[in-house]
Amino acid sequence: MMQVLLVTICLAVFPYQGSSIILESGNVNDYEVVYPQKVTALPKGAVQQAEQKYEDAMQYEFEVNGQPVVLHLEKNKDLFSEDYSETHYSPDGKEITTNPPIEDHCYYHGRIQNDAHSTASISACNGLKGHFKLRGETYLIEPLKIPDSEAHAVYKYENIEKEDDAPKMCGVTQTNWESDEPIKEASQLVATSDQQRYYDHFRYIKYFIVVDHRMVEKYNGNLRTIRRRIYQLVNILNEIYLPWNIRAPLVGIEFWNQRDLINVTSSAPYTLDLFGKWRASDLLNRKIHDYTHLLTAIVFVEQILGMAHIATMCHSELSVGLVQDYMPSEHVVAAIMVHEMGHNLGISHDEKYCNCGADSCIMYPQISIPPPVYFSNCSWEQYQNFLTIYKPDCTLIRPSRTDIVSPPVCGNDILEQGEECDCGSPEKCQDPCCDAASCKLHSWIECEFGECCDQCRFKPAGTECRGIRSECDLPEYCTGQSVDCPIDHFHRNGKPCLNNNGAEKGEFQHTGGRY
């Protein structure tokens, strides 16, 4: 039975409340102080697990602006893949890879009771650190560095003093795909039941992060500090993508603690190109994953905070992005990470007519304070079009689960250890491949998802699975024995196409996007 931790936080007026203070997020000119007092209350029949340091579920009661709130938190059990690893280098350049224990981690998602639009992302490693959204406003909480004190500061983003007022951009100049025609055609189609199921299925982006040498130096070589920062960044990223049924478990971190393995320069396009080539030729040979970010402390020219390719998720060389560790605030840097990953998922910058119900949306070309947490209606349509046209099926492969603390619960719509599938209760299950009563796949199925899969069976041989996308392209057809569409074929080099220009390489050119 899941444990529930009840912590009562008593709000006290701090003597220096309202004065400026230096916190991890920067200089804060207005804040409240809270003193968390932990009270543990186990449900009847529950047993305390001595080996578990951080509970699966926690609940906090406290006040904000004199109003009582109840914060519910649940451990993010999709934060890591089971084969999570870390790599750093010895002084002589030797690669050292370890598999740290990550089952009993301290990173949570949550919500405010009686606030349907609330969200929260909290680290409970050393006190409470993170953010929560309450009645449309975002608050941050972090421990105050006072010896022998449980004092925490609660404050708003607008109370963080800005060090630089210059607008920080996603330096993208053109985010459309090679041709807008397939997008327009796709957006005019009514999704079939199979397509809608393909859209709605959980996506798992196996996520890898590389930390460049400048960032290691920025944190004085303290890999433990960088590691915890990255864990919270990825926790926030997952919180933002969860409404889209996207999860991004962290499969690994590589620290370039001795030197950079590529030439990281202030030119974002140049660095992105080198990083993609290195990933394809080196990193993918050592670690299977879907997507890689280079987290850097370099300052890119033209106020650029990040850059990524467009519509390239699952591509060996182009499924990458750059992110500058721009501010102490983890939420701001996480918003840049979400934005750049969005480009790889086929999403362009928002136009003025796009709407997400907030002042600023994730794919707005400039970063805003407080950072955005919602995608716009335009982003959702572009993402669905990307799934329809490019079919990034690497994101359908489920990573190994790390949840070894709680037993699986069949029917909760969460795939857990020992389950082959979990589509919810028998009344709500919409997956024809899954037996909702047993959470096992039906014995007769041949496939679940894929370009050549229909209603859990292979599509007949000869069924077109990839149409012609340019004059140089050729159609591909299902074999009747596999879910995969055959490799993309093109006219031989030299055959006149594309306005009589010779076919060359046979690859779509993807436009780079900069945040």
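Cβ coordinates come from backbone N, Cα and C, glycine included.
Taken from Swiss-Prot, the feature signal peptide applies to 1-20, supported by sequence analysis. What Swiss-Prot lists as domain 'Peptidase M12B' is 203-399, and the listing cites sequence analysis. The disulfide bond feature in Swiss-Prot is assigned to Cys314-Cys394, Cys354-Cys378, Cys356-Cys361, Cys410-Cys429, Cys421-Cys439, Cys423-Cys434, Cys433-Cys456, Cys447-Cys453, Cys452-Cys478, Cys465-Cys485, Cys472-Cys497. Positions annotated as Zn(2+) binding site by Swiss-Prot: His339, His343, His349. Feature annotation from Swiss-Prot assigns active site to Glu340; the stated evidence is sequence analysis. Residues annotated as domain 'Disintegrin' in Swiss-Prot: 407-493.
The Cβ of Cys478 (disulfide bond) lies under 8 Å from the Cβ of Glu451, Cys452, Phe458, Lys459, Pro460, Ala461, Gly462, Thr463, Glu464, Cys465, Cys485, each of which sits 6+ residues away along the same chain.
When the Cα atoms are compared, Cys434 (disulfide bond) and His339 (Zn(2+) binding site) turn out to be 34 Å apart. Averaged over the domain 'Disintegrin' (407-493), the predicted model has a pLDDT of 79. Comparing Cys361 (disulfide bond) with the residue listed as 'active site', their Cα atoms are 13 Å apart once rounded. In the three-state DSSP reading, Cys453 (disulfide bond) counts as strand. Taking Cα separation as the measure, Glu340 (active site) is nearest to Cys378 of the disulfide-bonded residues Cys354, Cys378, Cys394, Cys439. Using Cys429 (disulfide bond) as the reference Cα, a 10 A cut-off selects Cys423 from the recorded positions Cys314, His343, His349, Cys423. Across the fold, the C-alpha of Cys421 (disulfide bond) and the C-alpha of Cys356 (disulfide bond) stand 32 Å from each other.
Using Cα positions, the member of the binding-site residues His339, His343, His349 nearest to Cys447 (disulfide bond) is identified as His343. Nearest neighbour of Cys453 (disulfide bond) by Cα distance, taken over the recorded positions His339, Cys356, Cys394: Cys394. For Cys410 (disulfide bond), the same-chain residues that are 6 or more apart in sequence and have a Cβ closer than 8 Å to its Cβ are Glu419, Asp422, Ala437, Ser438, Cys439. Put simply, Cys314 is the one of the disulfide-bonded residues Cys314, Cys354, Cys356 whose Cα lies nearest to the Cα of Cys433 (disulfide bond). Here the CA atom of His349 (Zn(2+) binding site) lies 21 Å from the CA atom of Cys314 (disulfide bond). Between the C-alpha atoms of Cys378 (disulfide bond) and His343 (Zn(2+) binding site), the distance comes to 13 Å. Within the set of binding-site residues His339, His343, His349, the entry lying nearest in space to Cys456 (disulfide bond) is His343 (CA atoms). Fewest other C-beta atoms within 10 angstroms, among the binding-site residues His339, His343, His349, are seen around His349.
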